[in-house]
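Engineer: The structure under discussion is supplied below as structure tokens; questions concerning it will follow.
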Amino acid sequence: MAEPASVTVTFDDVALYFSEQEWEILEKWQKQMYKQEMKTNYETLDSLGYAFSKPDLITWMEQGRMLLISEQGCLDKTRRTTSPPTDEQLNMKNTGKLLCFDDEGTPRTKEEDCRLNGPQKQDLCAALRGKERKILLAQTATFQSPSLRETEILNKKVSITAYDPDKKDLRHKPRETPGRLEIPTGPRCYSCYVCRKVFQVRRDLLKHKRSHSKSQLCRYPKYKNSSRGKSELRRTQRLLCQKKRFQCSECEKSYFLKGSLVTHQVVHTGQRPYPCPECDKTFRYRANLKKHLCLHRGERPFCCGECGRAFVQQCELTEHLRLHSGEKPFQCPQCDRCFRLKRGMKVHLTQHSGKRPFHCPECGRSFSRKAALKTHQRTHSEEKPFSCGECGRKFIYKIKLDEHIRVHTGEKPFSCPECNKSFRLKRSLKAHGLQHIGKRPFQCPECSRGFFWRNAMRAHQRLHSEQKPFPCAECGKRFTRPSKLACHTRVHDRQKEFPCGECKKTFSQQSRLTQHLKVHTTEKPFSCAECGRSFRRRAHLTEHTRLHSGEEPFQCPECDKSFSWKASMKFHQRMHRDEKPFACGECDKTYTHQSQLTEHLRLHSGEKPYQCPECEKTFRLKGNLKSHLLQHSGQKPFSCVMCGKSFTQQYRLTEHIRVHSGEKPFQCPECDKSYCIRGSLKVHLYKHSGERPFQCPECGKGFLQKRSLKAHLCLHSGERPFSCDECGRSFTYVGALKTHIAVHAKEKPSSL
């Protein structure tokens with residue numbers, strides 16, 4: 001048997017040299033990899049059993065010095081049977097092309113990777129790319145067949161520079177290449193595609209590739225802690241080298257894997273092949289079903305270390321952690337705005353592009369997100385999937401339910417940094433912040449009136465334009481405000497009222513009737529810790545506790561006045577808007593509150609539904625009955641701190657305090673005269689107008705005050721309601737009784 005052909009290889013055939021300029025460009029990990037690969041190549045040649053001297057390259061590396069090649073490095077001419085190539089043919093460093101030699105030793109260039117021309121041919125290539133990179137040799141010996149005839153590799157003479165970092169000096173030393181090695185060519189060799197290292201045994205190549213995988217894991221940290229990190233990394237590297245061969249015929253989107261294309265096509269077909277066995281909800285992907293099942297099982301395996309909040313998915317926890325860190329990794333390329341979530345940036349990009357691909361089939365309105373379209377469609381279907389567990393009220397949006405629940409819990413998470421006042425809604429805090437700076441950002445273009453809220457300004461503008469955008473669905477009548485429409489619809493709702501079976505009281509809504517039925521039950525589970533009073537609902541207890549604490553959380557954005565209850569603030573805001581939606585059908589007088597209209601209607605009907613159980617006297621107003629009952633009991637709970645005088649009603653005490661303070665808030669517009677009591681101003685205005693609204697039905701005489709008319713009627717009837725306790729004498733007027741009592745007071749000292 002003939003001996004196999006051999007090829008002569010030197011160490012420089014598998015070595016790589018850098019200039020000083022190139023060495024500084026390399027990163028630290030690249031320098032380490034370079035040194036490791038050079039040592040490995042040397043050890044591979046040494047392991048073949050041939051004796052040769054250790055190259056200076058390896059010696060300097062062991063001494064910790066950098067190996068640099070000078071600019072004057074050159075290649076020796078090739079010793080072959082044919083004519084050697086010229087210097088012009090070898091000097092390819094500025095061409096950026098590949099330098100190759102064919103069988104006859106003739107050099108030639110190629111734009112692409114070198115390939116073998118046949119089983120008996122071998123190209124030895126040197127990749128010399130770019131003007132800056134002066135890599136003089138990067139060759140790998142490649143073995144093809146046993147019949148390969150003997151060739152000689154380029155014998156090189158290179159000028160090497162040894163650079164010692166400590167001494168900072170350069171020493172130029174011309175070096176001859178070490179002796180050649182006769183390496184027999186095997187039947188097949190295996191080359192590493194990363195570093196071009198050659199192996200004769202395949203398992204050695206596989207073992208060698210693991211070292212690259214470890215180094216790659218350091219470069220790609222997201223694969224480092226995964227149990228399948230290495231396999232995923234190899235798969236990722238393989239995909240990066242491939243093309244996206246699998247294209248969707250519907251949207252022309254391309255994928256690396258056929259399975260990814262099949263998964264994507266489910267979006268176009270609308271298939272949801274994975275149903276949930278618990279709630280019959282269907283999903284496109286099995287992974288989404290698995291995540292959904294965690295909700296039924298109550299599993300939340302991913303917990304936040306900062307606040308303890310748990311999540312179903314790892315990605316949800318990752319997004320949540322950005323709240324604590326403040327990280328916003330997704331930046332808009334148009335305006336440099338940053339976002340915490342990628343989907344937030346995608347929605348933002350539609351503002352730049354103006355694209356709104358999701359259209360409502362009912363009204364034609366467009367949206368940038370599919371979720372926003374689904375939420376909008378609930379307004380057409382009147383679907384309200386989010387209901388309150390306390391009062392049963394339903395909402396279209398989840399965020400509205402969250403805001404409503406704070407009414408029951410009393411939670412106020414938004415605090416003002418200036419005055420530490422807390423608010424239930426974030427928009428209320430924003431409006432409150434404008435009060436500190438005195439800014440009313442929304443101004444009416446007609447009258448320049450300022451508003452804290454845009455909605456308040458729009459409602460105000462309808463007064464100028466006489467626009468009435470709120471029509472009644474029953475009769476078609478239009479209104480400027482939704483509150484006026486709501487009051488009007490009550491006229492139609494009287495035919496659709498829900499009566500209470502216990503007290504025959506009727507309600508316009510079923511939910512109101514449900515709440516009212518709790519009145520007839522004796523259960524009151526919510527008790528006040530201060531006074532022990534019990535309530536049927538937690539919300540009522542929350543409102544009651546504000547009486548003890550003096551808290552007034554609802555502030556009017558117009559005048560800064562505060563209220564304990566939201567309903568009181570809403571009624572107060574109607575005064576600013578000059579809104580009086582409740583009108584009397586008899587005299588066309590309007591009122592802010594429904595209760596005011598109800599009390600007014602009793603003037604026309606003469607109804608007095610409140611009767612005193614002591615004297616059977618009847619009253620038109622419930623407040624008047626309460627004040628009257630205090631006269632029977634002799635109780636006067638409202639006392640003046642100045643003089644100790646007591647009153648049966650709060651407003652009487654308020655009027656009395658003005659006597660001490662000298663305050664006269666009610667001023668006549670005609671003569672600038674001021675009064676402590678509003679009723680006194682009304683009587684005074686009758687003098688200017690000459691009107692006497694209270695007339696006697698017997699003689700037609702008119703009076704300014706109602707009590708004057710009552711006293712006058714006693715003259716016709718002969719009644720003397722005011723009697724003296726001392727002598728029993730009776731009088732028509734209370735003033736006459738007081739004068740008479742003074743007479744008795746003067747007589748008592750004289751008798752002594």
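Each residue, glycine too, has its Cβ placed from N, Cα and C.
Quick paste from Swiss-Prot:
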| type | residues | note |
| --- | --- | --- |
| DOMAIN | 9-80 | domain 'KRAB' |
| ZN_FING | 246-268 | zinc finger |
| ZN_FING | 274-296 | zinc finger |
| ZN_FING | 302-324 | zinc finger |
| ZN_FING | 330-352 | zinc finger |
| ZN_FING | 358-380 | zinc finger |
| ZN_FING | 414-436 | zinc finger |
| ZN_FING | 442-464 | zinc finger |
| ZN_FING | 526-548 | zinc finger |
| ZN_FING | 554-576 | zinc finger |
| ZN_FING | 638-660 | zinc finger |
| ZN_FING | 694-716 | zinc finger |
| ZN_FING | 722-744 | zinc finger |
Engineer: May I have the DSSP-based helix, strand and coil counts for the residues of the zinc finger (526-548)?
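Structural biologist: Looking at the zinc finger (526-548) with DSSP, the answer is 11 helix, 4 strand, 8 coil.
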Engineer: Cβ pairs under 8 Å with the zinc finger (330-352): which stretch of 302-324, 414-436, 526-548 has the most?
Structural biologist: 302-324
Engineer: Take the zinc finger (694-716) and count its residues per DSSP category (helix H/G/I, strand E/B, coil), listing them in that order.
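Structural biologist: Taking the zinc finger (694-716) as a whole: 11 helix, 4 strand, 8 coil.
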Engineer: Counting only residues 6 or more past its boundaries, what in the same chain has a CB within less than 8 Å of a CB in the zinc finger (638-660)?
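Structural biologist: Counting only partners 6 or more residues beyond its ends, the zinc finger (638-660) has Cβ contacts under 8 Å with 623, 627, 630-631, 676-677.
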Engineer: Going along the chain, which residues at least six beyond the ends of the zinc finger (526-548) come within the CB cut-off of under 8 Å?
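Structural biologist: Residues 390-391, 407-408, 410, 515, 518-519, 564-565.
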Engineer: To what whole number does the mean pLDDT across the zinc finger (358-380) round?
Structural biologist: 83
